[in-house]
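Features reported for this protein in TrEMBL:
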type	residues	note
TRANSMEM	12-32	transmembrane segment
DOMAIN	18-457	domain 'Major facilitator superfamily (MFS) profile'
TRANSMEM	52-71	transmembrane segment
TRANSMEM	83-102	transmembrane segment
TRANSMEM	108-129	transmembrane segment
TRANSMEM	141-163	transmembrane segment
TRANSMEM	200-220	transmembrane segment
TRANSMEM	232-249	transmembrane segment
TRANSMEM	270-295	transmembrane segment
TRANSMEM	301-328	transmembrane segment
TRANSMEM	335-357	transmembrane segment
TRANSMEM	363-386	transmembrane segment
TRANSMEM	433-452	transmembrane segment
Amino acid sequence: MNSEEPEEEVRRPTVVVLFLGVAVPLLLGMMDQTIVSTALYDISQSFGSFELVSWVVIAYLAANAISAPLYGRLGDALGRRRMMFISLVISMVGSAACMLAPSFGWLVAARAVQGLGGGGLIALTQALVSQAFEPRLRARYQGYLATVGMSASTMGPVIGGFMTEAFGWRAIFAVNLPLGLLGLFLISRLPPRQRPRDPLRIDGVSVVLLAAMLAFLISLTAPGIGLFQPRWARAGLILGAALLTFLFFRNESRTAHPLFPVVFLRNGTIRMSCLLALFHGALYVSLFTFIPVYFSAVRGFSAAGAGLLLLPVTLGVGLGSMLTGYLVSRTGRMTLFPAAGLALAFLLLLTVGLFTVQMQTGVLVGLFGLVALMLGTVMGVVQLVVQIEAGDRMLGIASASVLLTRSLGASLGAAASGLVVASSAAVADGFSWVFLLAALFALCGSLLAWFIPGGQIEGTKPDRR
C-alpha cells in the first residue's frame, strides 16, 4: 500500500462540509440503536417472542461493539472518508434485510449486519471531527456532534413509533435507505489531503477473542440464555467469559497491533474515562430502549403515543449536550459536568424506580426528561478527555476504544434489562427493576467521573464570571 495516498483529513475552511458530512452518518448510526424500541412490542406480537424481543437491540449493539475498533484501525490506515463510505453501504444492506425479514431469527441476524456498519458510522465521526480542532474549540464541536447523536438516538423511538403506527414496523428500516444515500453523497464531498499513513495491520486473534468474549458476556445476562439455563450451563458461561476476557487482554498486551491498546488502560485518565463510557452506554441504551416498551406494554399507549412521550427526552439530551460543550469551552472544566449530572440522574431514577406505579404519566415523562438532560453531559466530555490524553497519533484508535467500551456497556445493559423484564412475574414490576438498575449504572458513572484525573483542559483557568 502506498502510504502517500490521500488522507481523509479536512482543512479548517471546510468545517461546514465536514460537519454535514459526518453528522448524517452519525445520525443514522445513533438512530438505528433505538428506532426499534417503540416497535419492539409490535415485533414481539408479529413473531410471538416477547421474552426474546430485546435480542433485536442486543444484536445491533454487539456487532457495533466488535466493529468499532476495527473501523478505528482501518480508518487510520486506509482513510476515514473511505471507511465511512463502506460502513454506510453495510448499514444500508442490513436495513434492507431487516425490512424484508420473514422470521425473528432473520431479523436478529440482519440487525447484526446493521450493527457492523453502525460501528464505523459512530467511531469514524468522532475521529474526523477531532482532528480538525484544538481541544478548546473541539469541545464546542464535540458538543454539537453529541447533540446530533444523542438527539438522533432519542428521536429514534419517536420516528419509529409514528412509522410503526402508520405503516407497520418494517417501515422503520426503510427510512435508513434515503438517509444512507444522502450520507454517501455528503461523504463524497469531503476533501482529501496528502499525508503519510501507517500501513494496515490488524491482529486477527484480537478480533476473534473480542467476538467470543462479547458473546459469552452477553450470554450471561441475555434473556432466554443465561439465568434460564441449568446450573452447570451457567457455570460454564461464567468460566468461559472469565477465560476469554483474560485471554483477550493478555493478547492485547502482547500483540504489536492491538485493537484496544492496553497501554491506554495503564493511563488512569483513559481507563476511568472508558469505564465511564461503559456505564453511560449501559444506562442510556437500556433505559431508553425500555421506556417506550413500558408505556406500550404497561400503560397501554400505542407505538406512536409511546414515541411522542419521548419528546421531552429528546429535548433534554440535546440541550444537555449543547450546554456541556459550551460550558467546557467557556470554563476549561471537563469531568465536573458528567460527575454532577449523573449524580442527579441517579437520584431521579431511584425515585422513578421506587414509585413507578404510583406516578402519573405526565410526572414520569417529566422526570425522564430531566434524566435525559443529565445524560447529555457525558459522552462529549469523555471523548475530549481521551483524545487529549491519547494524542494525535492514536486519535482514531482512541476514539474507537471509547466507542468499544460504550457499545460493550450498551450491549450488556440491554441484555441485563431484558433479562430483568423477562424474569419478573409481573410485567410492571420488571420495569420498576429496570429503572432501579439504570439508577445503579448512573451512580457508578458519577463516582468514576468525580475521580477521573485531569478534569481541566491544560493551560486554562475556570471562568468565574
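Counting starts with 1 at the first residue shown.
Backbone N, Cα and C atoms are what each Cβ position is placed from, and that goes for glycine too.
Computed from a predicted structure; not experimentally measured.
Among the stretches 12-32, 232-249, 301-328, the one making the largest number of Cβ pairs under 8 Å with the transmembrane segment (83-102) is 12-32. Note: the stretches the transmembrane segment (141-163) and the transmembrane segment (301-328) are in contact (3+ CB pairs below 8 A, sequence gap of 6 or more). Contacts between the transmembrane segment (108-129) and the transmembrane segment (12-32): present, as 3 or more C-beta pairs lie under 8 angstroms, all at sequence separation of six or more.
A contact between the transmembrane segment (301-328) and the transmembrane segment (433-452) is absent, since fewer than 3 of their C-beta pairs, 6 or more residues apart, lie under 8 Å.
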